[in-house]
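Peer 1: Let me give you the structure first, and then I'll get to my questions.
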Amino acid sequence: MAKGTTFIFLFSSLLVLSLSSVSADKDDHGDQQVYIVYLGSLPSREEYTPMSDHMSILQEITGESLIENRLVRSYKKSFNGFAARLTESERKRLAGMERVVSVFPSRKLKLQTTSSWNFMGLKEGIKTKRTRSIESDTIIGVIDSGIYPESDSFSDQGFGPPPKKWKGTCAGGKNFTCNNKVIGARDYTAKSKANQTARDYSGHGTHTASIAAGNAVANSNFYGLGNGTARGGVPAARIAVYKVCDNEGCDGEAMMSAFDDAIADGVDVISISIVLDNIPPFEEDPIAIGAFHAMAVGVLTVNAAGNNGPKISTVTSTAPWVFSVAASVTNRAFMAKVVLGDGKILIGRSVNTYDMNGTNYPLVYGKSAALSTCSVDKARLCEPKCLDGKLVKGKIVLCDSTKGLIEAQKLGAVGSIVKNPEPDRAFIRSFPVSFLSNDDYKSLVSYMNSTKNPKATVLKSEEISNQRAPLVASFSSRGPSSIVSDILKPDITAPGVEILAAYSPDSSPTESEFDTRRVKYSVLSGTSMACPHVAGVAAYVKTFHPQWSPSMIQSAIMTTAWPMNASGSGFVSTEFAYGSGHVDPIDAINPGLVYELTKADHINFLCGLNYTSDHLRIISGDNSTCTKEISKTLPRNLNYPTMSAKVSGTKPFNITFQRTVTNVGMQKSTYNAKVVKFPGSKLSIKVSPRVLSMKSMNEKQSFMVTVSSDSIGTKQPVSANLIWSDGTHNVRSPIIVYAMS
């Protein structure tokens, strides 16, 4: 990533917090920057001490005997490496050392439920299967902004001691205590040990942790909204917290430390609601590298797909060994009505808890309240330093964007009505606000132009039913992957809009300086919220199948997902929006067949992407090599639960996908292949063989799918579904073929 200023977006309660940061941090050491020095796997010899080795390397490169201020992190548990402050010339010398696998800058990353689990069918009661004793031995590692340990969602009432496999520690720092629910905590953000604390000061980490594994807490709500029982997917599971994010963002070198510790601590699933601001190659992606090491020892990494949709090729979680999650809306939404002076009611979206008591306030358009120093276009957007306080004080301000809402409140506005850029989600603000659709916003402007004294009031929010759910959220990042064209990303979709979950009272629900509210539960949106839903489902599946590998769990969730849709046309409305579909926790525990992958399969896949042996080792951390034969591996033949290929849109093509399934259903079963094509499909799809006869558990059988067509064009991907059915199980795999101009 190029040096310079990037923006980090923290999706806390629908608030976009913009923070300026430098991609490779410069500090007080002149032109030194923080780099991650990756040395691969840990040597097996007993006398090897990583820390001493890392310090020795630094002393050799820098020529300095005292290098404590240079060494930032030492990775010494699950893989080998360190982070250090280096000059450019020192970086080059390090990169040239034979034993150094790679040196890359520590980048900034960004942070990206009362009804959501019920919506997915995972309801509490006798109809939902649970194995509490095994669930209690399950540990979810949450890499995020910390946690508020005093929340009822993390009470350890009824919990026994941590599982025997737990090897971690509670290093939460000052004002932080672990218990038998939150069994581990570490902080990587503090500049000194004295300031270390895993406490969550943004609310984001608390929210995500409770979605994955929070206790069932009755009467949870946000000022009465969303009232119900908030709980995680596996309420009896344990939580280990790894704080890598603060108000300056999330450092890549801290992320690597979190992976190093989490893997060694013994977690079963890792949930990361954090994404890079750009899309680096795997060998420079701390999540991809850390997750590869996790996968190699049986730990599944679940990652948010990103919040940069609906633009195509914005999904940042692209490695096939990382479970990438898109966000969907559920069957519940929040609205805030706007009542005009003439009695007309407009339906807006908002999580508004403020009551105007039915009082009508004067309306003023931002562009009509502009300072002379500001252009009308900027004032129309209510941009900072554009509004005249005398003209907005005591009024409801109309804004064409959210940019100046805090400014309007600061100048004395009593509320605001905003043109909604994302009509499928509601926002929390620090004073009365309603977000209107384009049509309703035009109606409001028309009303203002038709009367001398336009007035309105904004009502408190109400809950409404969303009959269109599940539907992919507009903001959810889309594929196809810009790194790997023949792997469908994102993988799966889960609830990520207006999710009520635990929150940290150490932060306001909007992080606005004017917001004095402190809450125990709040409503947030983003793929950050979708990610822990899938982490919870993965942990739930693992309680029934403790010996399953990460790829088996991922396959079970993907092949049992609900088919779904996305609004719009072209790429943004296809599987590149929602992957395999919407997660179904109940069916995922009994998939029938799974597509299994090993570390060796992923290495062959990387070789097929033309990775050299040197680049391969950056990710694998071992002595793997790419031979000529292995390098002929087609990436689309990775044994993935979906099938995707990029082709020429104007020429005939004939491509094949090779797959192998493992029987995890009934000992003796016969699966028949069925191809479901959409109306008007130009694809010819053949499956060989069309029948798979399984005679034993864990038996593997292979098949080939051949897809051909004269041409498909470049505007609309063409897709179908392959379903293997034995009458009980329906193992569904999307097939998508596309071309891009």
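A Cβ is built for glycine as well, from the same backbone N, Cα and C atoms used for every other residue.
Features from Swiss-Prot:
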- 1-24: signal peptide (SIGNAL)
- 34-111: domain 'Inhibitor I9' (DOMAIN)
- 116-589: domain 'Peptidase S8' (DOMAIN)
- D144: active site, charge relay system (ACT_SITE)
- N175: N-linked glycosylation site (CARBOHYD)
- N195: N-linked glycosylation site (CARBOHYD)
- H204: active site, charge relay system (ACT_SITE)
- N227: N-linked glycosylation site (CARBOHYD)
- N357: N-linked glycosylation site (CARBOHYD)
- 359-445: domain 'PA' (DOMAIN)
- N449: N-linked glycosylation site (CARBOHYD)
- S528: active site, charge relay system (ACT_SITE)
- N565: N-linked glycosylation site (CARBOHYD)
- N610: N-linked glycosylation site (CARBOHYD)
- N623: N-linked glycosylation site (CARBOHYD)
- N654: N-linked glycosylation site (CARBOHYD)
Peer 1: Under the DSSP assignment, what numbers of helix, strand and coil residues are found in the domain 'PA' (359-445)?
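Peer 2: Reading the DSSP string over the domain 'PA' (359-445) gives 27 helix, 20 strand, 40 coil.
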Peer 1: Based on Cα coordinates, which of the following glycosylation sites are within 10 Å of S528 (active site, charge relay system): N195, N227, N357, N449, N610, N623?
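Peer 2: Hits: none.
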Peer 1: Have a look at the glycosylation sites N195, N227, N357, N449, N623 and say which one has the shortest Cα distance to N175 (N-linked glycosylation site).
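Peer 2: If we rank N195, N227, N357, N449, N623 by Cα distance to N175 (N-linked glycosylation site), first place goes to N195.
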Peer 1: Compute the average pLDDT of the predicted model within the domain 'Inhibitor I9' (34-111).
Peer 2: 87
Peer 1: Just name the most isolated of the glycosylation sites N565, N610, going by other Cβ atoms within 10 Å of its Cβ.
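Peer 2: Across N565, N610, these glycosylation sites, the one with fewest Cβ atoms within 10 Å is N610.
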Peer 1: For N227 (N-linked glycosylation site), find which of the recorded positions H204, N357, N610, N623 come within 10 Å, Cα to Cα.
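Peer 2: Correct set: empty; none qualify.
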Peer 1: Mind checking how the domain 'Inhibitor I9' (34-111) divides into helix, strand and coil residues in DSSP?
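Peer 2: Final tally across the stretch: 21 helix, 27 strand, 30 coil.
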Peer 1: By CA distance, which of the recorded positions (D144, N357, N449) lies nearest to N565 (N-linked glycosylation site)?
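Peer 2: Comparing Cα positions, the closest of these recorded positions turns out to be D144.
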Peer 1: Pick from N175, N227, N357, N449, S528: which of these recorded positions has the biggest number of other Cβ atoms within 10 Å of its Cβ?
Peer 2: S528
Peer 1: D144 (active site, charge relay system): which of the recorded positions N195, H204, N449, N623 have a C-alpha within 10 angstroms of it?
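Peer 2: Of N195, H204, N449, N623, within range: H204.
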Peer 1: What Cα-Cα separation, expressed in whole Å, is found between N654 (N-linked glycosylation site) and N610 (N-linked glycosylation site)?
Peer 2: 22
Peer 1: How many Å lie between the Cα of N357 (N-linked glycosylation site) and the Cα of H204 (active site, charge relay system)?
Peer 2: 32
Peer 1: At a 10 Å cut-off from the C-beta of N195 (N-linked glycosylation site), count the other C-beta atoms across all protein chains.
Peer 2: 11
Peer 1: Listing them in sequence order, which of the recorded positions N195, H204, N449, N610 have their Cα within 10 Å of that of N623 (N-linked glycosylation site)?
Peer 2: none
Peer 1: Given the recorded positions N195, H204, N610, which one's Cα is the least distant from that of N449 (N-linked glycosylation site)?
Peer 2: H204
Peer 1: Cα-Cα, whole number of Å: N610 (N-linked glycosylation site) versus H204 (active site, charge relay system)?
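Peer 2: The Cα atom of N610 (N-linked glycosylation site) is 38 Å away from the Cα atom of H204 (active site, charge relay system).
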Peer 1: What three-state secondary structure does DSSP assign to N449 (N-linked glycosylation site)?
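Peer 2: In three-state terms, N449 (N-linked glycosylation site) counts as helix.
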